[in-house]
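A.B. asks: One structure, as C-alpha cells, below. Some questions next.
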Amino acid sequence: METRKDDMEKRNDKSEPLLLPENGSDVSEEASWMVYLSTIIAVCGSYEFGTCVGYSAPTQFGIMEELNLSYSQFSVFGSILNMGAVLGAITSGKISDFIGRKGAMRLSSVISAIGWLIIYLAKGDVPLDFGRFLTGYGCGTLSFVVPVFIAEISPRKLRGALATLNQLFIVIGLASMFLIGAVVNWRTLALTGVAPCVVLFFGTWFIPESPRWLEMVGRHSDFEIALQKLRGPQANITREAGEIQEYLASLAHLPKATLMDLIDKKNIRFVIVGVGLMFFQQFVGINGVIFYAQQIFVSAGASPTLGSILYSIEQVVLTALGATLLIDRLGRRPLLMASAVGMLIGCLLIGNSFLLKAHGLALDIIPALAVSGVLVYIGSFSIGMGAIPWVIMSEIFPINLKGTAGGLVTVVNWLSSWLVSFTFNFLMIWSPHGTFYVYGGVCVLAIIFIAKLVPETKGRTLEEIQAMMM
C-alpha cells in the first residue's frame, strides 16, 4: 500500500491531466457472484420504490369508503408521497456520503417500513398521510442511492445492464401493487410493502460496501477487501484499484461540493446533462400517461381494462429487454434517441385520436389509434427514457460532486414528476389533443438535447467517463 501511495503522490506532483487507458485491457472485468447478489439486494429498494408509487391506484375506493375520506383528502394522500420523496432526495446525497451507500439503504428501508405499518394501522387521514409521507421519504432516498451503489460496484461491461435493473424492479413493484391489490384489501396491501424493506435491511449485512465510497472515506484496507469480493478471489484487481485510488487522490484536495460549486464552469456540463435528462424523463408526460391511462382509453372509447393489461405487460417485458440485452450492446445514446423518437410518435397517435374524436371523424379507428399510441409511447419509454437517465446520473458525477449533484437531479426528477401529474388534468380540460402535441414538442427538444449534449458512457470505467467530461 505504501508503494502505491508513493506512486500516486509522484503522479499528483506532476501537473498532468488524468489520462486513463483507452482500451482498459488491464482493468479487471470479472464479476463474481457477489456482484449479482449485491445488485439483487439493492434493487429490493427499487421494488419498494415501485410499490410506493403504485399503492394509491388500487386502494383508492377501499380507503375512501372505510375511512370516509373525500376526494380532496385522498388527493392529499396520493400527492404527499412526492413531498416526502423531495425531502428524501434533498438529503439522500449527504446521507449516503456520511453513512455509506449501504447505510443509506438500511435507513431508507427502516423509514419506509415504519410508514407502511402506520398506513396499515391508520384510523383516519392524519396517520394515513404521515405514513405515506414516510414511505415517500424512503423512495426519494432510494431513487438516488440504489443506482449509485450499483454503478459503483459493477464492472464496466456489466454496469449498464445491472444499473438498468433499477428501473425494471420499479416497474415490477408497480405491477405487483395492481395485481395483489386486485385480491386483497388496502391494509393487507400495505403490509406487502414491508417485505422488500425487510429483505433490503437484512440483505445489506451480507454484501460489501461500495469500494469507491470506502476509499473516499479513507478505509483503504476495506476498499481492497470489498473490491476483491466483488471481482472474485482469483481476479487481479491491481489495475482497477490503482485507477480508482489515483482518481480519488486527484480529487482529495478539493473541498466538499456545495450547490454553488455545481455552476462552476468545470462542473456545469455534468449538471446540465443530469438535470436535463431528469427534466425530459418527466416532462415528456410519462406520469400523465401512466396515472391516467385508463382515463385516456375511456375518453377515446377504448377498453380501459384491456389497455391497462397490455401496457403493464409491455412495460415489464421491454424494460427487461433494455436491461439485459440492449444497453451494453447498443449504448446509452442510441437507446435514448430511439426512445424519444418513439414517444414522439406515440404522442402524435394519441393526440390525433383525440383530434379526430373532437371533430367526429373516423370514429371507428379512434380506439385502436389511442391504444396503439399509448402502447408505442409506453414501450418507447421503457427501452430508454425510463431507465437510462438514472444509469447516466450514476455514472457521470465525480465522487466529490456525487452527493450534492445527485441529490439535486433527484429533486428535479421528483418535482418534475409532481408537476406533470398535477397539471395533466388541467391540460386535458384545456385540450386533450393539444396536451399530447405539447408532450410531443417536449420529445423533439429531448431529441435535440440528447444529440448535442449527452455523452456515450458504454464500455468506460466511471473514472474514464468523468475524465472525458472534464
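One is the number of the first residue shown, and numbering goes on along the chain from there.
Each residue, glycine too, has its Cβ placed from N, Cα and C.
Checked Swiss-Prot, it gives:
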- 1-16: compositional bias 'Basic and acidic residues' (COMPBIAS)
- 1-24: region 'Disordered' (REGION)
- 33-53: transmembrane segment (TRANSMEM)
- 73-93: transmembrane segment (TRANSMEM)
- 110-130: transmembrane segment (TRANSMEM)
- 133-153: transmembrane segment (TRANSMEM)
- 164-184: transmembrane segment (TRANSMEM)
- 188-208: transmembrane segment (TRANSMEM)
- 270-290: transmembrane segment (TRANSMEM)
- 307-327: transmembrane segment (TRANSMEM)
- 335-355: transmembrane segment (TRANSMEM)
- 373-393: transmembrane segment (TRANSMEM)
- 409-429: transmembrane segment (TRANSMEM)
- 434-454: transmembrane segment (TRANSMEM)
A.B. asks: If we skip the immediate neighbours and take only residues 6+ beyond the ends of the transmembrane segment (110-130), which ones have a Cβ under 8 Å from one of its Cβ atoms?
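C.D. replies: For the transmembrane segment (110-130), the nonlocal Cβ contacts are 48, 52, 63, 67, 69, 73, 76-77, 80, 136-139, 141-142, 187, 190-191, 193-194, 197-198, 201.
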A.B. asks: Would the transmembrane segment (73-93) and the transmembrane segment (409-429) count as touching if the test is at least 3 Cβ pairs under 8 Å, pairs 6 or more apart?
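C.D. replies: They do touch: at least three Cβ pairs between the two stretches lie under 8 Å.
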A.B. asks: Based on Cβ pairs under 8 Å, which of the stretches 33-53, 133-153, 270-290, 373-393 lies most in contact with the transmembrane segment (434-454)?
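C.D. replies: When the Cβ pairs under 8 Å are tallied, 270-290 comes out ahead.
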A.B. asks: Looking at 33-53, 133-153, 188-208, 373-393, 409-429, which one has the highest count of Cβ pairs under 8 angstroms to the transmembrane segment (335-355)?
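C.D. replies: Ranking 33-53, 133-153, 188-208, 373-393, 409-429 by Cβ pairs under 8 Å to the transmembrane segment (335-355) puts 373-393 first.
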A.B. asks: Count the Cβ pairs between the transmembrane segment (373-393) and the transmembrane segment (33-53) that lie under 8 angstroms and are 6 or more residues apart in sequence, then report whether there are at least 3.
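C.D. replies: The transmembrane segment (33-53) and the transmembrane segment (373-393): touching, no.
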A.B. asks: Output the single range from 33-53, 133-153, 270-290, 409-429 maximising the number of Cβ pairs under 8 Å to the transmembrane segment (188-208).
C.D. replies: 33-53
A.B. asks: Give residue numbers and ranges for long-range contacts of the transmembrane segment (270-290): same chain, 6 or more residues beyond its ends, CB-CB under 8 A.
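C.D. replies: Same-chain contacts beyond the ends: 262-263, 296, 340, 343, 347, 350, 374, 377-378, 381, 385-386, 388-389, 392-393, 396-398, 401, 405-406, 408-410, 412-413, 416-417, 419-421, 423-424, 427, 435-436, 438-439, 442-443, 445-446, 449, 453-455, 469.
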